[in-house]
Amino acid sequence: MILYNIFLVKMKVDFINTVFPSSTKEYIPGTIYNNIKVGMRKIHFNDNTESILVYDTGGLHTDQNVEVDINHGITKLRLNWIIDRQDVEYYERQPVLNSEHIFTSQSNKVLRANSTKPVTQIFYARNNIITPEMEYIAIRENSLRQKILSYKPTVMSPEITPEFVRQEVASGRAIIPANINHPESEPMIIGKNFLVKINANIGNSVVSSNIEEEVQKMIHAITYGADTVMDLSTGNNIHDIREWIIRNSPVPIGTVPIYQALNKVNGVVGDLNFNVFKETLIEQAEQGVDYFTIHAGVLKNYISHTDNRLTGIVSRGGAIMAHWCTIHNKENFLYTNFEEICDIMKRYDIAFSLGDGLRPGSIADANDTAQFLELKTLGELTDIAWQHDCQAMIEGPGHVPMHLIKENMEKQIHFCKEAPFYTLGPLTTDIAPGYDHITSAIGAAITGWYGTSMLCYVTPKEHLGLPNIQDVKDGVIAYKIAAHAADLAKGNPSAYIRDYALSYARFNFKWHDQFNLSLDPETARSLHDESLPSEHAKSAHFCSMCGPKFCSMKLTHHLKEHSTG
């Protein structure tokens with residue numbers, strides 16, 4: 001099967017030029033490793049006097065000069081780095097049931113550790129090794145830090161070095177999701193001392209979507225700024241959808257393996273067992289999944305604490321494991337077999353995303369006993385993961401009113417020893433179906449300010465249906481706003497410069513620059529042009545809100561002219 005190539009060269013260039021006009025891709029070389037080239041987006045000012053570099057998650061999909069054929073996937077950027085470490089070996093991947101093997105360019109040979117030693121970034125970091133991935137990240141994160149000092153000297157540390165990246169990973173305060181079987185991924189970092197990241201969830205269901213649509217969703221998500229993508233498919237062709245996504249993704253891909261494991265036993269929860277789950281883990285490890293959500297903190301004795309909740313257990317993975325524990329009257333097999341799971345993870349460098357299966361699903365249930373019992377257990381599991389040189393981050397809620405968000409962050413830091421926190425929102429009110437990308441972005445900005453490292457987006461379709469491509473874009477933009485607002489509040493200099501540049505353009509009526517510096521130039525331009533569509537209006541010193549006589553900025557310019565005589 002050959003999919004329609006979504007972005008043929010001209011279509012792709014037209015799309016990128018529409019989404020990000022006056023932008024080009026620029027590659028910054030490494031200094032420790034001479035084979036590193038970090039792709040950034042350069043936004044050119046309309047008068048061509050200046051430009052700024054911004055973090056770009058789109059990989060080759062946002063490079064107008066590169067043709068991407070999604071039927072063959074993107075360049076394996078990290079493959080030589082992985083092979084050069086001489087701690088991996090090729091072997092024949094295990095056969096996969098119910099897979100059409102339609103991604104014909106993918107070899108049956110995959111990588112794993114060639115000894116009992118881990119091949120994880122945390123293992124290298126603890127052994128004082130600065131990997132190419134770490135230098136790549138330092139270049140990405142360090143963008144504009146020196147430049148901003150001339151504007152605003154009282155900001156965070158002026159430079160992020162590869163050594164600083166290594167230290168943060170070694171301590172467990174940050175993770176680099178980078179499966180050795182996903183060499184297409186461009187290294188990124190999740191940790192509170194770095195830019196706040198966002199995740200976009202995609203995936204089919206039994207009633208909607210197909211492979212091509214999910215690949216399109218992924219490309220749209222990363223084009224607009226998603227730092228990672230989770231494939232939460234629960235319908236048909238789960239394995240094949242994931243193969244297409246991974247082979248075309250420059251960002252880390254996460255999954256919830258229990259979904260595919262349940263699919264293998266025809267949806268009968270009682271038929272699940274650790275052997276089925278383990279087989280699924282290895283299949284996905286061989287494909288290149290970069291992080292797994294594992295709901296190992298849903299313990300049998302915690303389930304009764306959800307009985308009096310308004311909305312019970314709302315996590316799909318949490319509900320599956322709670323149901324399994326109740327049917328068999330046994331402890332969660334993800335918990336009892338956790339160390340064996342660690343052994344699998346460290347052979348491929350897959351990061352744990354320790355799932356919050358008992359997260360609150362309504363404001364009424366926020367910060368209750370069940371939620372915090374599980375969080376304490378996730379902290380204990382983090383210690384075990386670290387003992388095995390596995391990377392780990394902690395998932396968080398959910399639905400939490402604004403005044404209770406800080407308590408979540410404080411308890412997570414206490415129980416989980418500063419492992420990165422990764423939250424779904426949280427939604428700050430339950431009364432706005434259709435607008436939950438807004439209700440949750442409010443909570444996301446607050447928790448990001450308090451120290452959450454990655455924000456899982458919520459789309460307008462939350463609680464209503466499966467998101468389409470427009471919903472994905474709306475969710476990503478809402479969460480880019482939240483993450484950027486958090487970065488500003490934390491004093492991250494890489495965030496400040498873009499605000500400064502856009503405000504300068506706004507005050508000086510540089511309309512094209514104002515559009516192009518925004519997160520969504522196409523929307524900004526279209527809203528302006530609804531009432532003032534002519535090109536002449538792009539040089540006018542007013543918009544349709546105030547008109548030429550009541551524009552405060554125009555009047556301020558007159559004041560300045562008067563005061564300078």
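Quick reminder: no glycine exception, Cβ is built from N, Cα and C everywhere.
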To which of E168, E380, E395 does Swiss-Prot also attribute binding of substrate at the site defined by N201, M230, Y259, H295, S315, R316, G317, D356, G357, L358, R359, Y422?
E395
Other CB atoms within 10 A, centred on C551 ([4Fe-4S] cluster binding site):
17
Around the Cβ of R359 (substrate binding site), the count of other Cβ atoms that are within 10 Å
27
C-alpha of G357 (substrate binding site) to C-alpha of H399 (Zn(2+) binding site): distance in Å?
13
In three-state DSSP terms, the structure that H463 (Zn(2+) binding site) belongs to
coil
Cα-nearest neighbour of Y259 (substrate binding site) within the listed binding-site residues, H399, H463, C546, C551
H463
Candidates R359, Y422, C546 (binding-site residues) - the one closest to H399 (Zn(2+) binding site) by CA
R359
Measuring Cα to Cα, how many Å separate C546 ([4Fe-4S] cluster binding site) from Y422 (substrate binding site)?
42
Given the binding-site residues G317, G357, which one's Cβ is surrounded by the fewest other Cβ atoms within 10 Å?
G317
